[in-house]
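According to Swiss-Prot, the ATP binding site annotation covers LYS9, THR20, SER21, ASP76, ALA164, GLY165, THR166, LYS218, GLU219, GLN220, PHE221, SER222, GLY289. The Mg(2+) binding site annotation in Swiss-Prot covers GLU143.
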Amino acid sequence: MSEGEGQAKNRLFLGIDLGTSHTAVMSSRGKKFLLKSVVGYPKDVIGLKLLGRPYVVGDEAFEMRSYLDIRYPLQDGVLSEISDRDIEVARHLLTHVVKSAEPGPNDEICAVIGVPARASAANKALLLKMAQEVVHTALVVSEPFMVGYGLDKLINTIIVDIGAGTTDICALKGTVPGPEDQVTLTKAGNYVDERLQNAILERHPELQMNVNVACAVKEQFSFVGTPTEVASFEFRAAGKPVRADVTEPVKIACEALMPDIIESIETLLRSFQPEYQATVLQNIVFAGGGSRIRGLAAYVKEKLRPFGDANVTCVKDPTFDGCRGALRLAEELPPQYWRQLGDVSGS
């Protein structure tokens, strides 16, 4: 066996969709998992005693949030270089993600990591610097491009990836998308949570509300257009259970996302050559957690009617379609060619 063959055999490929709210991972050995993009630290000595370790990552940290200092290292889908502390939090998350993929001691770890479509060069460089500490080779690519690659939709397609921190929109034209082919909006899932919390409190000021409750309402009832059911949810008021109809607040919050998304789709549609635009309209694909919004495809199709008859679809697996595309890219394209696609660290 040659040295090259030995290296290939010991390579572990990872597709990582690093999100503001959740991180999804798939490996070339069949490992597949989702965790909250959160790190928890004890608030005081009592918290340290309860936790029994210096920090905890993911869903476990979120469940212990009553006595932990909860940190989300990703803001609007990118790492924020505010202080050494912020960088340390991000490092703890990334280290945990790679460790959870269960690499062997002699593995060469090669990871493709998704970032928002218009992430800055500084943010990409910071992520790659951190990745270099835990993997041998890392490539950062735009999240909607990862989705398109996984779906074999790389030409005459517009991908709209609605995450928690950002909505990323990408025009795929048969080449690696450039900045002019992509849009990043900061109105996404977290924005809906905030709008929904405010809209509910405007109508029901007696309810005890926070963004976690608003998120639970959104995940159960989110819709745009005409409602198909009453959004009746059990809240708390003065500590007692109270059921309230929040159908209208849910509609208002979810539809608040739509104008910027529609405008961005229209702008990117016009960037295609005119002879391809009718074909592009047949390939509008929504991905990410926001693609679960009921009535989304029909709503967007109607808004795009002035441009022609559109075919709008939502991916079947919004949780893992991004990292699945990243893993497929990692496996199909040898790491020595990754620099042709984007920013790379390592070999």
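Here, residue 1 is simply the first one shown, and the rest follow in order.
Glycine residues also receive a Cβ, built from the backbone N, Cα and C atoms like all the rest.
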Cβ packing number for GLU219 (ATP binding site), 10 Å threshold: 12
Under 8 Å by Cβ from GLY289 (ATP binding site), counting only residues of that chain that are 6 or more apart: SER21, HIS22, ILE162, GLY163, ALA164, GLY189, PRO318, THR319
Densest Cβ neighbourhood among SER21, THR166 (binding-site residues), 10 Å radius: THR166
